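Novice: Summarising the annotation, TrEMBL assigns transmembrane segment to 26-52, 64-89, 101-123, 135-160, 200-224, 245-268, 274-295. Here TrEMBL flags 44-295 as domain 'G-protein coupled receptors family 1 profile'.
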Amino acid sequence: MTPGSLANGSMSSTFLLSGIPGLEHVHIWISLPLCFMYLISILGNCMILFIIKTEPSLHEPMYLFLSMLALTDLGLSLCTLPTVLGIFWTGARGIGHDACFAQLFFIHCLSFLESSVLLSMAFDRFVAICRPLHYASILTNTVIGRIGLASVGRSVALIFPLPFMLKRFPYCGSPVLSHSYCLHQEVMKLACADIKANSIYGMFVIVSTVGVDSLLILFSYALILRTVLSIASRAERLKALNTCVSHICAVLLFYTPMIGLSVIHRFGKQAPHLVQVIMGFVYLLFPPVMNPIVYSVKTKQIRDRVTHAFCN
């Protein structure tokens, strides 16, 4: 079955992913910066993981949470890399239903896991600044391990039903998706059935993960700010706040494009298709690329190890 016949609305067993509309003739050139970004993401996050693993002085709560963030970002990059580069290199747009459902499971699961990790890092900063004398006794390796397992468990439990909810639908309309990868909120719109249950459950998942996590992060920083402002020394206040800069950047890099893309998908039906495509790339590519750079620049211990590695 040809892509043209699929797009005409016949029943199909595949979806059609999309590159950048109107720029198909330069996809091969667009693939160059995309490849560069994927390379930075994969090498940068692997470097963070390697440095933390091989440097005993970095086996502390802050850096263990950072390694979780790097591992999650690495997973997100690897989830989308095959379909994105497949489209821009070879024009391979087709993806089977089961492969699409598997991809969206991992994308959403890792995205919500990243939200959990960012919340855990906010808790780490709260304890370090507001309860410094109890830091080592509160954030033990056992507690950190339990936080990690709870984060993974929550993400998997909430996302696990989605592929099965989508699999039960018939897909008889146009199979064309807006992005170079599969997302639940897009795939469900292609179903020839009532998607109200999927829409409600999808909103519940977003509110119970990203919504709750972002509010708790804001609450943590409100308490941190109150504690910092009570410090008499200006130098000590700046020193305390400086330890939060990298995390604040990571939070903004993650939540801003995610919320923007969700708003566009649910409420921005009149938004240009190109805006959706660009926001999709920013949502999944920007945080994994920028997080290793931000932490390498703003965290002295990581920066020193990177400098040492390249200088030698």
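Glycine residues also receive a Cβ, built from the backbone N, Cα and C atoms like all the rest.
What does the local environment look like for each feature on the list?
Specialist: Summed and averaged per residue, pLDDT over the domain 'G-protein coupled receptors family 1 profile' (44-295) gives 90.
Beyond the ends of the transmembrane segment (101-123), by six or more residues, the same chain brings 62, 65-66, 68-69, 72-73, 75-76, 79-80, 83, 95, 147-148, 150-152, 154-156, 158-160, 162-163, 166-167, 181-184, 187, 205, 209-210, 213-214, 216-217, 220-221, 247, 250-251, 254-255, 258, 284, 287 to within a C-beta distance below 8 angstroms of the stretch.
Away from its own ends, the transmembrane segment (200-224) comes close to residues 108, 112, 115-116, 118-119, 122-123, 125-126, 129-130, 154-155, 158-159, 161-162, 165, 184-185, 188, 240, 244, 248, 251, 255, 258-259, 262 of its chain (Cβ-Cβ under 8 Å, at least six residues beyond either end).
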